[in-house]
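Student: This is the structure I have questions about; it appears just below.
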Amino acid sequence: MNKFLIIDGLNLVRRIYAAIPDETDMQSLTERVSSACTKLLRVHRPTHVAIVWDGDEISWRKQLYPNYKKGRKPMPEPLAQGLVALQDHLTAMHIGSIYAAAEADDVIATLAIKTAKAQGEAIIVSTDKGFSQLNHRQISQWDHFNQQYLDIAALEQKLGVERSQFLDLMALAGDSGNKIPGIAGIGPKSAAELLKTFRSLPTLFSSLSNLGAKQAKKLAEGKEMARLSYKLAQLQTDLPLNINLKDFRVIDSPPEKTINQD
C-alpha cells in the first residue's frame, strides 16, 4: 500500500526558522529542516514524500474576501531569499517539492484525498487544524513539533462539536487566525450549542422561529456571511495536480500500486 507523507512546507520551515537565534543563519535552518525531514522519514517510513509550498499568486479566498488572512506578518527577508536554496537542498535529499499557485492547503488536501481514494494512506505533516476537516480513515495529521498525531476526539471535546460539524462551527463563529468572519455576535460557545441542537447549518437556518428573537435576528442577518465563511474555511480537494507520483517515491521504496493524480 502506498503511504504518502505530505509536508506543509512553510508550516514546518517557519516554525523551525523562528527558533533560530540569528535570522540570517540559513545554514542552521537548512541543517534543522534536513534533520526534521530525515526524522519524519524514519518515523513514518513512507513510500512517497513531497513538501508543498505556498505560491505568490493572490488566492481565490483573498479575491472572494479581501480581509482573509489580513494582518499576517510577511515572510522575513532572509528566509525569502534563502528559500530556493533550501528547496534545492531538499530535492538533493530526494524530497521533491510541489509548488502551489497560491495556498498550499488546497494542494495538500487534494493530494491526501486522491491518495486515500486510491486505497493509500496519507499523512499530513502540519500544525494547521484546518486539515482536521478531511474526514477519511486513511488520512491522518502529524504534529512534528509535539511528535504526535492530531487527536480528533480531544479536538471535538475542545470545540464542543463533532468532526463533521467543524466547518459549520467556523461558518458561524469564524476563525480569528485566518480572519474568517463568521456571524457577528456568534462566538464559538454559542455556535457549538446551536450545532448540538440543530446539527447542521441548513437545519439551523430553517429553524430560526424556534430561537429567541435576538439570536434569530443575528443569524438571519448573518446568513450570507456564514455561507461565505464556510466557503473560505472549506479545503478544495479536487484540484488538477499534474504531477507524476513516481517522482515522489522514497529511494529504496518497493514499487506499489500507482495513484492517478491527473
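Backbone N, Cα and C atoms are what each Cβ position is placed from, and that goes for glycine too.
Copied straight from Swiss-Prot:
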type    : residues                               : note
BINDING : Asp105                                 : Mg(2+) binding site
BINDING : Leu172, Ala173, Pro181, Ile183, Ile186 : K(+) binding site
DOMAIN  : 162-257                                : domain '5'-3' exonuclease'
REGION  : 185-190                                : region 'Interaction with DNA'
Student: Give me the non-local Cβ neighbours of the residue listed as 'Mg(2+) binding site': same chain, 6+ apart in sequence, Cβ-Cβ under 8 Å, ordered along the sequence.
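Tutor: The list for the residue listed as 'Mg(2+) binding site' reads Asp8, Asp128, Gly130, Phe131, Leu235, given in order along the sequence.
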Student: If you count other Cβ atoms within 10 Å of each one's Cβ, which of the binding-site residues Leu172, Ala173, Ile183, Ile186 has the most?
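Tutor: The residue with the most neighbouring Cβ atoms within 10 Å is Leu172.
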Student: Name, in the order they occur in the sequence, the residues of the same chain whose CB lies under 8 A from the CB of Pro181 (K(+) binding site) and which sit 6 or more residues away.
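Tutor: Tyr65, Asn67, Gly174, Met225, Leu228, Ser229 - these are the non-local Cβ neighbours of Pro181 (K(+) binding site), listed in sequence order.
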Student: Could you give the mean pLDDT over the region 'Interaction with DNA' (185-190), rounded to a whole number?
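Tutor: A mean pLDDT of 97 is what the predicted model shows over the region 'Interaction with DNA' (185-190).
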Student: Look up Ala173 (K(+) binding site) in the DSSP assignment and reduce it to helix, strand or coil.
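Tutor: DSSP call for Ala173 (K(+) binding site): helix.
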Student: Note the Cβ centroid of Leu172, Ala173, Pro181, Ile183, Ile186, the recorded K(+) site, then list each other residue of that chain whose Cβ lies within 8 Å of it, in sequence.
Tutor: Ala171, Gly174, Gly182, Ala184, Gly185, Gly187, Ala191, Gly222, Met225, Ala226, Ser229
